[in-house]
Amino acid sequence: MFYLRRTIVKCCSFILLLIFSQNVIALQKNNTTLDAGAIASPDYYGALAAQQILQKGGNAVDAAVATAFALAVTYPEAGNIGGGGFMTLLMDGKPYFIDYREVAPALASRDMYLDTNKEVIDNLSLYSYKAPGVPGTVAGMWSVHQRFGRLPWQQVLQPAIEFANDGFYVESQLAQRYQEVLGKAPNNSYFEKYFSGLQTGKLFKQPELANILTLIAKQGMDGFYKGETAKLIASQMAENGGLITEADLANYQAKWRKPLIANWQGMQIITAPPPSSGGVGLIQLLTMKNILADEFKNIEVNSPKYIHLLAEIEKRVFADRANYMGDPDFISVPVTKLIDHAYLLERANQVNPTAISNTDEIQPGLSDNKEKLQTTHFSVVDKWGNAVSNTYTLNGWFGSAIVIKGTGIILNNEMDDFSSKPGIANQFGVVGNDANAIEANKRPLSSMTPTIITKDNQVLLVIGTPGGSRIFTSIFQVITNVFDNQMSLSEAVFAPRYHHQLLPKDQIFIERFQNRVSKQFKQTLEDMGYNFYQQDFSGDIQAIQILDNQPNAVSDIRGRGRSMLTN
Ligand code: DON
């Protein structure tokens, strides 16, 4: 009896010790507890949703899912349930990545946007019932919440349902974007009718969308991909020559992929793997800039020579993008080779620090620069030191401008991110080849680059932005402004940004909003042979930096974003 009791006591203490030591290990692994949680969101309501959820004990994933659904209501030009995106996460010190990019419907085919002369038919991949890919957002949010959520799914969707039912106040930027798209919507798109209430300062309510969100809250992802919602989507598609069927919706799957991770200056860059080109591009840019550190030394940030060096390395990245990148489930993308140090050394050494290197000798890139900027990004951290970096999109503002009747769901026009014809530019002016040709169930190549930077598994920076082909060059400039140029996060985000994407030849994109560029700056670059293209908008960075356990969240001055902290 005595021995039995001693054995029981021993066993119990062993179990207690085990539990205790595991807790200690867990605490050690996750010892970044922060002074506050934080959100940087592209609008006020998205920030509010995250703040409410963090205050109720939710973690960064709960808050991110709440923001994603909230923005589908209040940032309808890009926030969505009818689009797709990517999310990079750091949970308990470990990196994850979920790909919820749209896929081409099963009926899609390589030449579907070409006429009988094999010429691209205008607008078919942008504003027509053939433009949407099968949406991935609801599946992505569901998977990520199933794996990491802390609060119940229904509770996390509550803020979005309330914004849809009770309405939200329309900001002028949104009303203006609606006006810009109005004339482009395809016939029978229901777009104008649904959004006619988007007027500056007015309260805009969406009872139909509230119903669909309530269904998703009750049924999980099946509330979108099966049953009534799927039927409504598929029948409006079928009536109007669209391709998405109930089977496409039922078959959609978000995919967990290994995030792309690279060491950079003693830190880890955790970012998007293919089907994004953005992570590879970002790592190539950061590495080549490091290799050229001597050239960057003692030159002023954003001086003509600085911009020339950026342009030189960006050109080389875009040449690779056009040739090698696509959906890794369909083609083999040589990621390891593309970010290999020896390869990048060779590429960086081709940079001519004083003159433009010959574009024709680099590679094909793009032939047009029609610009559009219509994605959105948010970044979240919680007090446990977890982080979420999420970029999602409808592609164009309001996507294909198709609203599914009775649901308030806006469908994307992500099919335009495929290469409709090798060598012909898409709306971002970037070209592709076979690697990014259309195939049934394939994901179109993306530039979205949700990124987290860590050191010793602790978050230093969470960052992302919209901007099409300018996404990763923008993130690159903010990261280097913070870590190489020692700017504060807001200085780094607000600083002017420049962009070069190989072609049009020798063209530097500058921002219209910053007329701060001096005549002399322009003249010096023009004398070197550059020309300028003035763009309206170069992204909308939402970033959080952690300094001494204190998050500092910054929303770009270029958008209508808001940042909040929660204790
Ligand atoms: O996935 C992509 O790269 C594009 N569909 C993203 C679109 C975008 O960023 C528009 N920008 N604001």
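From the backbone N, Cα and C atoms, a Cβ is placed for every residue, glycine too.
According to TrEMBL, the protein carries these features:
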- Thr375: active site, nucleophile (ACT_SITE)
- Arg101, Thr393, Leu394, Asn395, Asp417, Ser446, Ser447, Gly468: L-glutamate binding site (BINDING)
- 1-26: signal peptide (SIGNAL)
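The record gives Arg101, Thr393, Leu394, Asn395, Asp417, Ser446, Ser447, Gly468 for L-glutamate. Within 8 Å of the mean position of their Cβ atoms, the other Cβ atoms in that chain belong to Gly84, Gly85, Thr375, Glu414, Pro444, Met448.
The number of other CB atoms found within 10 A of the CB of Arg101 (L-glutamate binding site), across every protein chain shown, is 31. In this entry, Arg101, Thr393, Leu394, Asn395, Asp417, Ser446, Ser447, Gly468 make up the residues listed for L-glutamate, with the farthest two CA atoms of the set 14 Å from each other.
For Ser446 (L-glutamate binding site), the same-chain residues 6+ apart in sequence whose C-beta sits under 8 angstroms from its C-beta are Phe86, Arg101, Ala272, Pro275, Ser276, Ser277, Gly278, Asp417. Here the C-alpha separation of Ser447 (L-glutamate binding site) and the residue listed as 'active site, nucleophile' works out to 11 Å. Ser447 (L-glutamate binding site) carries neither a helix nor a strand DSSP state and counts as coil. Taken residue by residue with DSSP, Thr393 (L-glutamate binding site) is part of a strand. Within 10 Å of the C-beta of Gly468 (L-glutamate binding site) there are 24 other C-beta atoms, taking all protein chains into account.
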